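**Q** Below, the features straight out of TrEMBL:
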- Thr13, Thr14, Ser15, Thr267, Gly310, Gln314, Gly411: ATP binding site (BINDING)
- Thr13, Arg83, Glu84, Tyr135, Asp245: sn-glycerol 3-phosphate binding site (BINDING)
- Thr13, Arg17, Thr267, Gly310, Gly411, Asn415: ADP binding site (BINDING)
- Arg83, Glu84, Tyr135, Asp245, Gln246: glycerol binding site (BINDING)
- 5-252: domain 'Carbohydrate kinase FGGY N-terminal' (DOMAIN)
- 262-450: domain 'Carbohydrate kinase FGGY C-terminal' (DOMAIN)
Amino acid sequence: MKESYILSLDQGTTSTRAIVFDRQGHSVAIHQKPIRQIYPKPGWVEHDPVEIWESARECIDGVLLSAGIEATQIEAIGITNQRETAVIWDKHTGEPIHNAVVWQSRQTADICDKLKLEGHEDVIRERTGLRIDPYFSGTKVTWLLDHVAGARERASKGELLFGTIDTWLIWNLSGGLVHVTDYSNASRTLMYNIFERRWDSTLLGLLDVPAALLPEVRSSSEVYGHTDPSCCGGVAVPIAGAAGDQQAALFGQQCFEPGMAKNTYGTGCFMLMNTGSEAVRSKHGLLTTIAWGVDGEIEYALEGSVFVAGSAIQWLRDGLEIIETAAESETFAAQIDSTDGVYVVPAFVGLGTPYWDSDVRGAVFGLTRGTGKAHLIRATLESIAYQTKDVAEVMVEDSGINITKLRVDGGAVRNDFLMQFQSDMLGVPVERPTLEETTALGAAYLAGLAVGYWKDKQDLGGQAKVEKRFEPTMDEERRSELVKGWKKAVIAAAAFK
Ligand SMILES: Nc1ncnc2c1ncn2[C@@H]1O[C@H](COP(=O)(O)OP(=O)(O)O)[C@@H](O)[C@H]1O
Ligand SMILES: O=P(O)(O)OC[C@H](O)CO
């Protein structure tokens, strides 16, 4: 009998990837396709939903080809996705009414300001675990309905559907038959009550979003439907798992016990700590979110969200054009011993945890005549570690649990300089696993568990081995001096509005 596999589709902010995993959780083949970033105005970020779907089809075909396997050998497909990004499309034609409004986009800042002014912050936080911020899907849906000609009328006639990217992909994969999302994605919309587990009519009223637009919320690990004959080589493969990418990474890292945490370094940086069946409310700007729903049990997480991490490196590459590849940032950073007091605050789309300031913009401090491009590059890399330190500090305060080591994943963890500096800033070891694709693995686990490919969590074979452990080497005096400079830089950036 031929070997069988699980296919994971990881639709991230900068690219779509399909990865085939075997029973040992090893990746057998990967196919990746970058996706276009559309910046219609300063602070706005959009994606083309049709391009996203086409990239997913291409990645599925491509990964089967490079793995040398047939679609009949795929036991299930798991989906994981950039979260919060909102798409609205026509139920009958499948055509999106507008570009997808991306999680990073600030185009709904005015709607958020109005909601805050009207005093809705508490009710929203109490029900969703989130804050009023353009980051979350809710105000993006309001914006789409208000700004696309005729959208409200079509919505009221029941002609339109809303989805985050998981929903959009499942709907397309199933040939337009299945309109669902999972708990983890629903919990990022600002419309879902994470405590009562239902779309919340009060919140829908505040956001002016008709309930008919919304997908059904299902568990993160179950068969939602099957692939349509037009994709996956005509084979009806079960679509059996879905989770937002950060929750999927938590699952892929097997952080199953309360207190276990991971940090993912992709376009942004997201630290999540499992809090088990208890939803911990933050006092310091962390988010309370659903980690996943599996086998009828919901688990929660505390999250710190940093909006700009790897994308700051893309800015050095594509905006300033001072590096040719992201990897080159490491070479430049290593050429000097310090930034000589230069700080970059990469608040290109505002700041997330713990500051939650959507009006602050990026800034550079401490320039002298001796500042060269290596200083700017190193300061940009360091800013990723400082932002993570800010999150880690409040995570410890809110959870009461000391972080004694940090498990990491995501594209930017290949940067040894960044990982070492991170360890130095946190004063704890940073562990990089052998498998970087833990996000995709998490979605594969969720899908595989649903179809019995793996029996249960114990059958997953334990956490991935540590490929490299970065130990803190910086003395305390130097660390606190550097951190003091960072805090001053953030305050100064926030004051410049
Ligand atoms: N060696 C590197 N050093 C620093 N950043 C890197 C490196 N390699 C990749 N990156 C950054 O990682 C990000 C890609 O990671 P990935 O996990 O694929 O992100 P996403 O899922 O958000 O699309 C990009 O923003 C890129 O700039
Ligand atoms: O695309 P990523 O991996 O940076 O993840 C984006 C997050 O899901 C946004 O909340």
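Heads up, the Cβ atoms here are built off N, Cα and C, so glycines get one too.
If you look at the structure here, what lies around each of the features I listed?
**A** Taking a C-beta cut-off of under 8 Å and a sequence gap of six or more, Gly310 (ATP binding site) has these contacts in its own chain: Thr14, Tyr265, Gly266, Thr267, Gly268, Ala326, Ile384, Gly410, Gly411, Ala412.
With a cut-off of 8 Å between CB atoms and residues at least 6 apart in sequence, the same chain places Trp103, Tyr135, Phe136, Ser137, Lys140, Thr164, Arg188, Thr189 near Glu84 (sn-glycerol 3-phosphate binding site), listed in sequence order.
In the three-state DSSP scheme, Thr267 (ATP binding site) falls into the coil class.
Secondary structure at Arg83 (sn-glycerol 3-phosphate binding site), taken from DSSP and collapsed to helix, strand or coil, is coil.
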**Q** Would you identify which of the binding-site residues Thr14, Ser15, Gln246, Asn415 has the most other C-beta atoms lying within 10 angstroms of its C-beta?
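**A** Answer by Cβ density within 10 Å: Gln246.
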**Q** Going by a 10 angstroms cut-off between Cβ atoms, which of the binding-site residues Thr13, Thr267, Gln314 has the sparsest surroundings?
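**A** Looking at the binding-site residues Thr13, Thr267, Gln314, the Cβ with the fewest others within 10 Å is that of Gln314.
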**Q** Given Gln246 (glycerol binding site) and Arg83 (sn-glycerol 3-phosphate binding site), what distance in Å do their CA atoms have, once rounded to a whole number?
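**A** The Cα atom of Gln246 (glycerol binding site) is 8 Å away from the Cα atom of Arg83 (sn-glycerol 3-phosphate binding site).
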**Q** List which of the binding-site residues Thr13, Ser15, Arg17, Gln314, Asn415 have their Cα within 10 Å of the Cα of Arg83 (sn-glycerol 3-phosphate binding site), in sequence order.
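**A** Cα filter at 10 Å returns Thr13.
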**Q** Could you find out if DSSP has Ser15 (ATP binding site) as helix, strand or coil?
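**A** Strand, per DSSP.
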